[in-house]
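Notes to accompany the following structure.
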Amino acid sequence: MPIKIPDTLPAFETLVQEGVRVMTETMAIRQDIRPLQIGLLNLMPNKIKTELQMARLVGASPLQVELSLIRIGGHKAKNTSEDHLLAFYQTWEEVKQRKFDGFIITGAPIELLPYEDVTYWKEMQEILDWTETNVHSTMNVCWGAMAAIYHFHGVPKYELKEKAFGVYRHRNLKPSSIYLNGFSDNFEVPVSRWTEVRRADIEKSDSLEILMESSEMGVCLVHEKRGRRLYMFNHVEYDSTSLSDEYFRDVDAGVPIKMPHNYFPHNDPALAPQNRWRSHAHLLFGNWINEIYQTTPYDVEEIGMDL
C-alpha cells in the first residue's frame, strides 16, 4: 500500500521518481481500509529535506500510511518558508486531540544547549507526555531521542571533545528483536552529533534495552520494553549526500570540521559517497511500521486506553 501525502508537497514528485508508491486524497478515499496514522514532528531546520527522508522510509511499507507533518507552535522556522509551513504543517496544539499509531520526533541542531535552555523545552515536555496517551509507538531520532530518554528516564547527554561525524560499523546486539528482523550482525550507520548518551546510564533502567551499538561511537538504538518507544541516536534516514552537505557547509563557513570518517571514497571529497546504510534504514522503519500494524487497535481512538 502507498503513503498518503499532499500531492503538492515537494517530496511527492521525488518519491514517485524513486518508485515509492504515493497516493492523493481522492485515491485514498476509494480504498476501504484504515491507514496507519503516522505523525512527524519535524524539528530540523531544512524541513523539506527531512520530510523527504522520513516519507521515503515510511512510504516503503506495504501498508497504507497517512503522514501528518507537525511543528512546534512557539518556534519560528528560519530555513523553511512560512508558505510551506502553512500549506503542509499543523502545530502540535492543532493535533493534540488526535490519536496516532506512530509518531516520529526528529533531531534538532541544538544538542549543545542544556535541555532547559531550549526555547521550546516546555512544549517539548508536554508533547513527550502526550505521546504516552495519544500515540501507540514513538520513533525518537538523534536530539529527539536524547531529549526523550532524558525526559522519561533521566539519562543525561555528554558533550564530545569533537564532533562524531562519519559512517561507522555497528553491532546487532539483539538479533531476535522484532525491530532488527533481517539485520546483519554488523552494518554501517551515519553519525553526526556533538553529544552522546552512555551505556552505564542506560543500564540503570530495567525498562531500557540496547539493540545497536558501535565500539567507536557507543550506543545507537535503544528499545523501551514496556513503553513502545525507540531511541535512535544516529541517522539511518540520511541521504547519500547528507554528510557531504554538512561537511561542505561548515568548510564554506570557515567552521573547523574534520572530514567525515569512512565516507568519501579514498577519503577524497571530490568523489561521490556511496550509500552503504540504505537497506538497514528500510529494514528498521519497515519493522517498526509492521510492529505498529500488528499491535495497534483497529479503532484509532482506542490508542492509550490500555494504559
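Glycine is no exception: its Cβ is also placed from the backbone N, Cα and C atoms.
Matching K122, K157, K161, K163 to the substrate binding residues that Swiss-Prot gives (S192, R249) identifies K163.
Comparing K163 (substrate binding site) with E111 (site 'Important for acyl-CoA specificity'), their Cα atoms are 11 Å apart once rounded. Looking at the residues that bind substrate per the record, K163, S192, R249, the two CA atoms farthest apart are separated by 15 Å.
The most densely surrounded of the binding-site residues K163, S192 is S192 (count of other Cβ atoms within 10 A of its Cβ). On its own chain, H235 (active site, proton acceptor) has G107, V141, C142, V189, P190, V191, S192, S242 as residues at least 6 apart in sequence with a Cβ closer than 8 Å to its own Cβ.
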